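Heads up, the thing below is written out as C-alpha cells.
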C-alpha cells in the first residue's frame, strides 16, 4: 500500500533521524517566532541553545540541516539580516578558503601520510613508544595540516590493517564482510578483540595528538585562524604567543600518553598480537615489492610539496587557503591526477563542514545583533585583568566541550574585540585574552566528540563500529587527557602566560603592544 502524502513528507523530513528529534526541531521552529515577538533577547538565547543542541546531536542528523533551518528562520523573522550574514562570511573568508582548499590539498598527500603511519606501526615494537610516536606524529602534522585530514589518514591505515587480518582470519578472501565475525574460530576472535583494543588506543592517541598540535599554530584548527586574524597575528606571532600555554600542555599530554599505556588505565595498554603483526608485515613486504618507480616518485614529490607547505605557512607567503590551492595544483600536476572526478573527491570531506561554518556565522550575526553575550562579557570585564584570563578560559572550555569549538571561539573573540575597540580593555589585555580564548576553546574540547571535529569524524567513520568505539567509550578514554589538558592549560593561563609574554616582548621576540 502506497504511503499517504503526510506520511511520505514525514519520512522525507530529516530522513532517518528519530521521530522525537524531528518533533523537537518542529517545536523549535514554531516557538522561536512567537518568543521573538515577545522578548527578542530570550528568543536569541533560545536559538543559541537550540543550535548547540543540534551540534550535540550530530550523530542523529548532520547539524547543517537543522541548524540551517533555524538560521533561515532567524533571518526571516528579523533576528538578523541577510546583509549581516554576508558581512560575517566575508570577514571570515580566509577560514572558508582554509577548509575548501587546504583540506582538499592534503587529500593529494595522503599517499605520503599513509606511508609514514604504516612505517611507524610496523617498525616500532614497543606499544608505549608506538603510542607516543602516533601522538607526536599527529601533533606535528596537525600543526601544519588540517586535523580532520590527519585523523582520516590514520583511519585509512587502521581500516586497511583491520581488513587484512580479518580477511586472512576468516579465510574468505575478497568476499569477506568486515562486520561479520561468524566465520572466525574462537582463537581468532580472541586475537581480533585484542587487535581492536590496540587500534582503539592508537586512534585515541592520534586524535588527542591532533588537539595537542592543532592548538599551537594558526592553521591547526579553523577557529585559530579566526582568532589570529582578529588579533592581527601571522604564523610565527601566533606560535610564540600560544607557547607559554601550549608547550607545557604538549609535554604533559605526551607524558599522559606514556602513563596510561604503562599503567593500562582507561582502556589503554593493549599490544599488537604477534599473529596480526606477522600477517601485516607479510602484506607490507608484498606491497613494497610491487611499488613502481612512479609510486616512489609520487612519494618524493609529495614530500617536497610538504616542505613547500611548511615553508609557505611559516613565512606567510600567501593566505592559508591560497597556499592550500597551490598544494592542489602542484600535487595534481606532478603526480598525474588530471581527471575532474578524481580531483572532485578531494572536496567531499571539507565542503559539508564549510557549509556548516557558514551557518555558524549566521548564528554569530544573531548574537551580535541581539547583544546576547553582553551580560556575560560585562560580568567578566568587572573582574580584575588577571581573573579575566581565567574566566574566559573556563567559559570557553565549558561551552567547547559540548558544542563545536569553531562556533564558541568565534563568539568570544568577537566579544573581546568589541570590548577592546570600545576602550573597556587595553590592547595588551586583548592579546592575552585571545590566547586564553584559543587555548580554552581547543584544550577542554577533547572531553567529548561534540567539541572536536576530528573526534566526531572518527566516531562517525566506518572504523568506529569495527573496533567497537562507541560515544561512551570515547569519552571514557579521553577522560585522562581531558583532565590533564584542561588543568595544565588553566594553570599556565593563570601563572605563566602573562610573565612569559612580557619577557618575550622585552626580549624583542614579539611586537610591542600598541
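Including glycine, each Cβ sits where the backbone N, Cα and C put it.
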* According to Swiss-Prot, which of these ranges is transmembrane segment: 175-195, 238-258? -> 238-258
* Structure fact -> Candidate ranges 202-222, 265-285; Swiss-Prot annotation transmembrane segment resolves to 202-222
* **the transmembrane segment (357-377) vs the transmembrane segment (391-411): 3 or more CB pairs under 8 Å** => yes
* Asked: When only pairs 6 or more apart in sequence are counted, do the transmembrane segment (120-140) and the transmembrane segment (238-258) reach 3 or more Cβ pairs under 8 Å?
  -> yes
* Asked: Any chance the transmembrane segment (238-258) and the transmembrane segment (475-495) are in contact, meaning at least three CB pairs closer than 8 A with a sequence separation of 6+?
  -> yes
* Taking pairs 6 or more apart in sequence, does the count of Cβ pairs under 8 Å between the transmembrane segment (447-467) and the transmembrane segment (202-222) hit 3 or more? -> yes
* What residues in the same chain, six or more past the boundaries of the transmembrane segment (144-164), come closer than 8 Å to it by Cβ-Cβ distance? -> 98-99, 102-103, 106-107, 110, 113-114, 117-118, 121, 134, 138, 176, 178, 195, 199, 202-203, 206-207, 210-211, 213-214, 217, 219-221, 276, 279-280, 283, 309-310, 313, 349-350, 353, 452-454, 457-458, 461-463, 466-467
